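**Student:** Structure provided below as structure tokens; questions to follow.
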Amino acid sequence: MAGNAAIKERYKLREHVDVLKTISAITIHENEALKLSADRQTTDRSGNKRVAGEEWLVRDSGSYLPLAYEKVQEVVKAHIPLPEVAILVRSNANFKDKFGIERKNGDQYLITCEETSAFIPDVQERILGTVEATTLDNRHYCTIVNPIGEDGKPMLGHRKIIKGEISFFLKPGEELEDGVKEVFIIGEDEGIVLKAIAAFLDESVSPSINRKPGDRWMIKGPMEYTPSIEVEIMDVRKAIPLHANEGIYVRNIQTGSIRSVIGKTYMLKEDEELWEKNLPSMIQTLLNKDRDVTADRGEWINPGKEKRAAKEASNADVGLIDTTRVVTFKVPHNAAVQIYDYKSRLSRVVYGPDLVMLEPNEEFTQLSLSGGKPKKANLIRALALLLGPDFCSDNVTVETADHARLELQLSYNWHFAGEKNQDNGAKLFTVPDFIGDMCNSIASRVRGTVSSVTFDDFHKHSAKIIRSAVFGDKQEDIFEFPTNNLVVTSIDIRSVEPVDSRTRDSLQKSVTLAIEITTQSQEAAAKREAERIDQEANGRLERQRITDEAEAERSRKRLLELQAESAIIEAIGSSTEAKIENTKRKIEAVSIEAEAELTRLKEAREAELAYIERQNALEISKEKELMEIEVQRFKDMVSAVGPETLLSMSALPREHQVKMLQSLGLKSTLITDGKTPINLIDAAKGLVGNPVASE
């Protein structure tokens, strides 16, 4: 009411006019805009006509007073684009933005810091979010799918490669294919297989080559490579270093031919690929590096066992072998491996120790041998055929002429004869299961021979009968198989047991009874022998007792004789003791006299030495005192003459110097000024020579 009163004071109301409300001015700051809407058709302060419901922005900074039919919607804040962040905007209607660009309804575009430092969306614009810049350095590139063309429209289905160094924003509708990628750094042992997806002129080589769609080629390092839009990277390849005992299988994708490359570093060409050799799971298990063919020959490996093994373990064993590498197998010593080439239809045999390397068309001949007791077919699988000597065991059931069924456990020693060449090698593998064939042949011979003898005869002469059945009447125990040069050299009968339980019990009882009878007879013989030995021992003991008593009597007689001799010696020795005592006393008297004389001489020598020592000390003291007196006398004479007199004497002739010095009592004198050098060597010669001259 107070505001209305104030208005009435400044404004005179007319008739039929009333004040509805008071409108205050709104301050528009920097980077702000005022959003207005028209309540009805009107004209704004800029002279633009507005219709009811229309919205617009007032961007000028300062105070703004809305008109009567203008309604303030909100104050719009500016969005600040950054160098690495752009603003994504969508238009809601067809209009021309403040940059003078025609926008259509639904268009999406970016506002960057290069276009404006602050962006205030118009009423026809809506901010969807922000887009971060994609930055590439000189080691990266990226591929944009559906790029925006020069006309501002997306080129659907097209691709565009951008290389660093650059920073850019993905425009609406554009996508990165697999993100930012690193430039390919190709070493000297590396290469890239490329495929053209469109026709273009390849200027990366000299001379330039026209590439057609579908062409494949390889580029080799060292170099940096960034693919173009017309090129698809098929593979990145690296040279494969191979030892002399290593290789790979290579397949030409154009011709389909397969070859092996062994013992050199090799890089696959553009029309080549690694070929995986198809190896059965059983072959892969037998090629396992953890297996030792010779040491593990007793371990059974067969499909049934592998199926019963854990599935995880089986998969792990199969995965140990890289089938693109040349398959190798170490043939152990004294073993053979057969390899068959299905392309040339030829086979070869490799004798150990050697290393087998399979060509693409070659396969191992897998051995399927019998195993177990009694022998069962196809129980053992192996690649290497051991040439022996070795042994195998088998259980054979036979029936005697009196229908007693027995089970024999036999062991055979065998080996393959012949030289190690290809002809004999072909024979080695003619019999697929030489173990089963050998055991069946020997078992047939043994059954035929045992069927013609009785149980008692066989029980007594089993070894002889079995050896005769196998080896016949030959002098040498050899049983040959000419088909594969297999030779059996000996047979060991490990056990013989009846199959029928009643027969086994009867045999056991008879054996037990025979053992008891033998034991009893041995006990009786041992008892008789013990009695005989006891009687002999008693006789020897009695004879020894009589002998000892006779020896004791002889010793007693000798003792009495010695006692008589001792009594005689005692009587003689009583007079001798007195003489001995007298001699001892004389010796003691002489010893006392000698010690007294020694003491006297010792004391006399000590007194004499003390006298000589005191006399020498007196002589030394006398000479010392005389020397001191002479030194003092010379000092007094020199001090009496004085240094001036000596100086004047040095200037006189030598004869005067000598006479003056002799008057002083001097025998040798050396006078110098302290500067002139003196020949002391000559002086020493003179001093040494004078005594000789005087003599």
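In case you wondered, yes, glycine gets a Cβ from its N, Cα and C as well.
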**Student:** Which stretch, out of 149-173, 199-223, 524-548, is listed as region 'Disordered' by TrEMBL?
**Tutor:** 524-548
**Student:** Can you name the far-off residues of the same chain, 6+ from the ends of the domain 'Major vault protein repeat' (28-66), with a Cβ under 8 Å from a Cβ of it?
**Tutor:** 72-78, 80, 118, 120, 122-123
**Student:** Pop the mean pLDDT for the domain 'Major vault protein shoulder' (388-500) in here, whole number is fine.
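**Tutor:** For the domain 'Major vault protein shoulder' (388-500), the model's average pLDDT rounds to 90.
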**Student:** Short question: most Cβ pairs under 8 Å with the domain 'Major vault protein repeat' (184-227), which of 239-297, 326-387, 388-500?
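**Tutor:** Stretch with the highest Cβ contact count: 239-297.
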**Student:** Sort the residues of the repeat 'MVP' (188-243) into helix, strand and coil with DSSP and give the three counts.
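**Tutor:** Split into helix, strand and coil, the repeat 'MVP' (188-243) gives 0 helix, 30 strand, 26 coil.
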